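The structure appears right after this line, and notes come after that.
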Amino acid sequence: MDDKFDDDALPNSKTTAKDYEDKLPEYDYTTTFPNTWMRLREPFREYFAEFVGVAVLIIFGVGADCQVVLSANTGVASSPKGSYLSLNCGWAIGTAMGVWISGGISGGHINPAVTLAMATWRGFPWWKVPGFIFAQLLGGIVGAGLVYVNYIHAIDIVEGGRHIRTLDTAGLFATYAADYMTNLSCFFSEFLATAVLIIVIHAMNDKRNTPPPAGIVPFVLFFLILGIGASLGMETGYAINPARDLGPRMLTAMVGYGRQVFAFRNQYWIWCPVLAPFLGAQVGTIFYDLFFYKGQDNVFGRLGSHIHISPA
């Protein structure tokens with residue numbers, strides 16, 4: 001591309017600012033790197049987008065958890081600063097903003113269960129899966145760390161000191177099921193909520209269904225997460241995202257909560273907020289593909305398609 005201006009591009013008494021800007025050379029940033037930094041960052045943009053997307057999700061979501069719960073203590077605030085509705089709004093807004101930031105770059109998975117489902121059933125490259133999941137998990141750790149630093153003094157007041165850390169405040173960062181829940185019911189709750197999540201995601205991405213207009217997806221996800229929280233969130237805290245739970249859980253283990261965050265209910269952390277969402281996303285995708293999806297990448301649509309019966 002020739003980056004020199006011709007005579008007509010030079011400003012004169014009859015040239016307006018807009019005319020001059022219109023004649024400036026245009027660079028195709030999708031194929032041309034104007035500097036070394038642009039070239040070096042290109043292979044990592046998708047992973048960094050997932051990292052930031054999850055970090056933003058956690059900042060809004062865990063931040064809302066902390067504000068609602070910690071402000072209920074009179075030593076922290078004179079009156080409560082929120083409710084269960086505002087808590088759900090925090091997670092819904094966090095999801096919407098996280099997808100808005102990362103959607104045009106990485107696809108806006110911000111959830112390992114979604115990434116694995118897309119790789120299994122929608123042709124997402126398998127070689128990207130480990131990097132995506134690592135970036136998502138790291139985003140969960142960093143996002144939770146930022147919220148922890150922001151609310152550390154309020155946590156100290158609620159706990160009774162800087163070096164006292166119990167599951168009461170650990171629950172602000174990761175999910176811990178209600179005492180009355182059985183192990184099976186905990187697993188089913190996360191499985192069901194994640195299946196609903198992925199079914200709606202596939203419906204939004206299905207061009208033969210009713211996909212939302214460009215740029216509207218984050219708003220749809222806002223109402224989706226708000227609805228899941230309002231209907232299925234009370235019993236387990238609706239992790240529905242392994243990075244959302246495991247990242248902050250690892251952060252709490254590192255800042256003083258110790259092994260108790262992993263020992264809760266016989267390693268609850270792995271089979272409920274991690275394995276259940278992975279399985280729920282897979283089964284939810286199978287359900288959508290079996291009964292609704294007509295895309296060429298539908299595995300069930302290809303079964304037996306090579307068989308042709310000729311008339312006698």
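Just so it is clear, glycine is given a Cβ too, placed from its N, Cα and C backbone atoms.
Quick look at what Swiss-Prot annotates:
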- Asn183: N-linked glycosylation site (CARBOHYD)
- 1-50: topological domain 'Cytoplasmic' (TOPO_DOM)
- 72-89: topological domain 'Extracellular' (TOPO_DOM)
- 111-128: topological domain 'Cytoplasmic' (TOPO_DOM)
- 150-183: topological domain 'Extracellular' (TOPO_DOM)
- 205-213: topological domain 'Cytoplasmic' (TOPO_DOM)
- 235-267: topological domain 'Extracellular' (TOPO_DOM)
- 289-312: topological domain 'Cytoplasmic' (TOPO_DOM)
- 51-71: transmembrane segment (TRANSMEM)
- 90-110: transmembrane segment (TRANSMEM)
- 129-149: transmembrane segment (TRANSMEM)
- 184-204: transmembrane segment (TRANSMEM)
- 214-234: transmembrane segment (TRANSMEM)
- 268-288: transmembrane segment (TRANSMEM)
Spatial neighbours of the topological domain 'Cytoplasmic' (205-213) far in sequence, C-beta under 8 Å, 6+ residues away: 122, 219-220, 292-295
Other parts of the chain folded back onto the topological domain 'Extracellular' (72-89), taken as Cβ under 8 Å at six or more residues beyond its ends: 64-65, 154, 157-158, 225-226, 229-230, 233
For the topological domain 'Cytoplasmic' (111-128), sequence-distant contacts whose Cβ falls under 8 Å of one of its Cβ atoms, 6 or more beyond its ends: 46, 54, 136-137, 194, 197-198, 201, 205, 240-244, 277-278, 280-282, 284-286, 289, 297, 299
Beyond the flanks of the transmembrane segment (90-110) by at least 6 residues, Cβ under 8 Å: 45-47, 49-50, 52-61, 63-65, 67, 118, 124, 132, 136, 139, 217-219, 221-226, 229, 238, 241, 243
Range from 129-149, 214-234, 268-288 with most C-beta pairs under 8 A to the transmembrane segment (184-204): 268-288
Helix, strand and coil residues within the topological domain 'Extracellular' (72-89) as assigned by DSSP: 6 helix, 0 strand, 12 coil
Taken over the topological domain 'Cytoplasmic' (205-213), the model's mean pLDDT: 92
Nonlocal residues around Asn183 (N-linked glycosylation site), in sequence order (Cβ under 8 Å, 6 or more apart): Arg265, Asn266, Tyr268, Trp271, Cys272
Per-state residue totals over the topological domain 'Cytoplasmic' (111-128) - DSSP helix, strand, coil: 13 helix, 0 strand, 5 coil
Contact set, same chain, for the topological domain 'Extracellular' (150-183): CB under 8 Å, 6 or more residues outside the stretch: 62-63, 65-67, 69-71, 73, 75-76, 144, 189, 234-239, 245-246, 248-249, 251-252, 255-258, 260-261, 264-266, 268-269, 271-273
Structural state census, the topological domain 'Cytoplasmic' (205-213) (DSSP three-state): 1 helix, 0 strand, 8 coil
Long-range environment of the topological domain 'Extracellular' (235-267) - Cβ separation under 8 angstroms, sequence gap at least 6: 54, 57-58, 61-62, 91, 110-113, 133, 136-145, 148, 163, 165-167, 170-171, 173-178, 181, 183, 185-186, 189-190, 193-194, 197, 228-229, 273-274, 277-278, 280
